[in-house]
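What TrEMBL records for this protein:
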type	residues	note
DOMAIN	44-291	domain 'G-protein coupled receptors family 1 profile'
TRANSMEM	28-51	transmembrane segment
TRANSMEM	63-81	transmembrane segment
TRANSMEM	101-123	transmembrane segment
TRANSMEM	143-176	transmembrane segment
TRANSMEM	196-229	transmembrane segment
TRANSMEM	241-262	transmembrane segment
TRANSMEM	274-293	transmembrane segment
Amino acid sequence: MGDRETTNHSEVTDFILVGFRVRPELHILFFLLFLLVYAVILLGNVGMMAVIMTDPRLNTPMYFFLGNLSFIDLFYSSVIAPKAMINFWSESKSISFAGCVTQLFLFALFIVTEAFLLAAMAYDRFIAICDPLLYSVQMSTLLCIQLVAGSYFCGCISSVLLTSITFTLSFCASRAIDHFYCDSRPLQRISCSDLYFYKIVFFSLSSSIILPTIIVIIVSYMFIVSTVLKIHSTEGRKKAFSTCSSHLGVVSVLYGAAFFMYLTPDRFPELSKVASLCYTLVTPMLNPLIYSLRNNDVKEALRKILNRVLDIDNNL
């Protein structure tokens, strides 16, 4: 049996990404929609990184984390969107075995890194609001770098483990992945291996990522809310909540979709695709819009850059 599974596994040279089960004439609509969203992702996240790097006033821990968030959003959406758009035009919709491994590895790396980075951002907001006098001391440059590096380290370890256990499975049942990118759950469906041990490891890995990070976020915001409610001034409360509402919105979308995708029974493939859209394309598109539109410092920095560009044009 082991020889048969090894043989079947080695015979798989490519997969078919089924994508969305819609009429062929709708593929052009999906292509245009993906193209529009991806263009907004590129413009928004590259713009956010440029603003943060060029404006000295944004040289703070919060914007350091936000710049890294934009970097992560830009790259993991780039792992998914271009291939999905190509497949809307292609008849074969194939992806090589190596391409599938690479896509799963990079996506898992960036999405897990983002989960830990959001937890670090929640801790940053907790220190800023609950202990503002010691904020500059506690959130030192070294600590910020360590938190970001730790997020990438956790993402890398999780990605290596997930990719390794997924591609040790045998795929003799079918080459057709019922999804628009290579993800672990759709790959499980086409495996002919015994999935008992795999599902235990997969659930444990997912839980070890989602639960600790969400606990840090929840506990941080419990202290934040408690502190804000003690502020007597209405304006002070409004300002404190304003700095946190953007982060909470991002967390809600990402974790809600991830919880549905990875910690619930895999019975509704089409709903899983919609949930995947939330964190592969919708969240990376909304993040820079949410943070820029609700942040006066970012809006002011954008205004200065635009004025500088207009002055250059006028001089020419």
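Glycine residues also receive a Cβ, built from the backbone N, Cα and C atoms like all the rest.
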Paired segments the transmembrane segment (101-123) and the transmembrane segment (28-51) in contact, 3+ CB pairs under 8 A: no
Confidence summary for the domain 'G-protein coupled receptors family 1 profile' (44-291), mean pLDDT rounded: 87
